[in-house]
Structures are given as C-alpha cells and as structure tokens.
Amino acid sequence: MEQKNGSSFTGFILLGFSDRPQLELVLFVVLLIFYLFTLLGNTTIIALSYLDPHLHTPMYFFLSNLSFLDLCYTTSTVPQLLVHLRTADKSISFGGCVVQLFVFLGLGCTECILLGVMAFDRYAAICKPLQYTVIMHPRLCALMASASWFFGFGNSLLQTVLIFLLPLCGRNKIDHFLCEVPVLLKLVCVDTTVNQSELFFASVIILLIPVALIIFSYGQIVRAVLRIKSSAGQRKAFGTCGSHITVVSLFYGTAIYAYLQPSNSYSQDQGKFVSLFYAIITPTVNPVIYTLRNKDVTGAMKKVLCRGQDSR
C-alpha cells in the first residue's frame, strides 16, 4: 500500500450501527442468541456425521464441511461485532482488517463452490444411483472439498492483495461492521472504475459458475424424478434436494445482491443488514433446514442420546 496513508496510520474505525445507538442493545441480544444457536447447530451436525457410521456418506461429508465453514464464517465477524455493540471503541487494527477480509471473503467464496459440489452430489445420487458409490469415491469427495477451499481462498488472497495495494490517503472510517470489499473501495482516493470491474468479474466467476453447475444438476434431477412412476418415490427424491435448494437460495440471493449490483445503487444501510443476513442468519438456519425433515440426522441424534443415557 502506498505511504500516502501516513506513517501514523494504524487501523480503521468500524462505524457499524453507531448512528443507531437505540438499536445496538437489541442487535447485541439478537445476534448473541443467533451466534449461540449457530455454534450449537453446526457443531451438532459435525459431531453426528462423525459419530454415526450411517452418516459416513458423501452427502454428510460435504454437509460437515459446510457446517465447519459456517462456524468459521460466523466467528470471523460476530464476536468482534458483539464487542463493538457494547463498547465505545469501534477500532480494528490494519492487520486485523486484512485478516478479516481475507478470511471472510475466502469462506464466502468457498461456500459458493461447495454448494455447487453438493448439487453435483445430489445429481449423482438421483440420476446415477447404481454408479453413485463409484462416481462419488471418497478420494474424489476429498479432492472436490479441498478444491473448494483452495480456489475459494485463492480468489480471496488475490482480492485482498489488490484492495490493500490501493491508496487510502489517511481515510480510516468504514461505514460498516466489518472489513468488506465494497466499503473498502469507498475509502480509496483514486479512480476505482477498473478495480470495481475486476471485482465484478471475479464475483461473476465465483458466483455464476457454481450456479450453472447447480442449475444443470437440478435440471437433470427434475427430469429423472419425473420419470419415477410412484408419487412416494418422487416425494422422497425431491425431499433429499429441498434442503439444499433452500440453502442455495438464501446464500446466493444475498450474495448476488451484495456483490453484483451497480455501486451507484448500493445503499450502505441495506448493505449492512444484507451482510448480517449472510454472516449470521444463514449459518444459523442451515442446520435447521438440513435436519428439520431429515430422518437420518434425527435418527442419529436419538441414537447418540440413547447411547449417552445407557452409558450412565
């Protein structure tokens, strides 16, 4: 970064919701409750997927990855936000801002890719049931999950470096509760047209390629399910995909709104609440969506609880 930022530049001020002091206490209580449920729900899915042999399948392997990702995703922002909501000090160090942007953006990009991988898994399970165990070999599952993390954080590293190479000219007040690309670009004191185009292009690739895979997978799934003659079989097939479609809609809907709309129509207040939604609400409801009508997970939970009672 150019030294125009000044030798005394040590960090940023995250304004967050300081312009609405009457809202801060309400937000603190609500976010704390959601954060605790996020920790509980996602940890439960990870533990059940590990403890129950019946859940040692590709679907639950990817679901465990998603739950771990959501735990990290929420923890990268919410604890700091909770502290800022109850104290007058809203600062974050320069290094802290760099790390937060890198981690938050990396986890978001990874989730985009992982949701596409999970759609392919459902396609293989429903459209190629006889070849499913051959197609979704444990090595391939591990490779696909690793590739999701690698490309997600690779894109994040590139974006983070490009952002912090730009001169801020001493500006350090961020009108947001976290270090995110759109708000950091507003601090830059040079023309950012090219940078915004690069950001838009990178966002399109990260968002739309997995979306294309999801659309293809579910297009094939719908065709396969409609060939099933029994209505019970159709309901079962659609039931295994309904949870994933709901999660995809929630995550991609907010991500596309945040990153693919024109910068001149970007409302800062709306941006804060959209970021709250995909940073805390989506990771909280994901475990509920996946377990609400999932007999495998509820059955595994009952077995683990009964085993714990029997051991006493």
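Every residue gets a Cβ built from N, Cα and C, even glycine.
Automated prediction, rather than curation, is the source of TrEMBL annotations.
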Using TrEMBL as the reference, determine which range in 60-78, 79-97 is annotated transmembrane segment. 60-78
Looking only at the domain 'G-protein coupled receptors family 1 profile' (41-290), what is the model's average confidence as pLDDT? 86
Tertiary contacts of the transmembrane segment (140-166), defined by C-beta under 8 angstroms and 6+ residue spacing from its ends, are 1, 58, 61-62, 65, 98, 101-103, 105-114, 117, 120-121, 181, 184-185, 188, 190, 192, 195, 198-199, 202, 206
Cβ contacts the transmembrane segment (238-260)/the transmembrane segment (60-78), at least three under 8 Å, sequence gap 6 or more: no
Across 25-48, 60-78, 98-120, 200-226, the most C-beta pairs under 8 Å with the transmembrane segment (272-292) come from 25-48
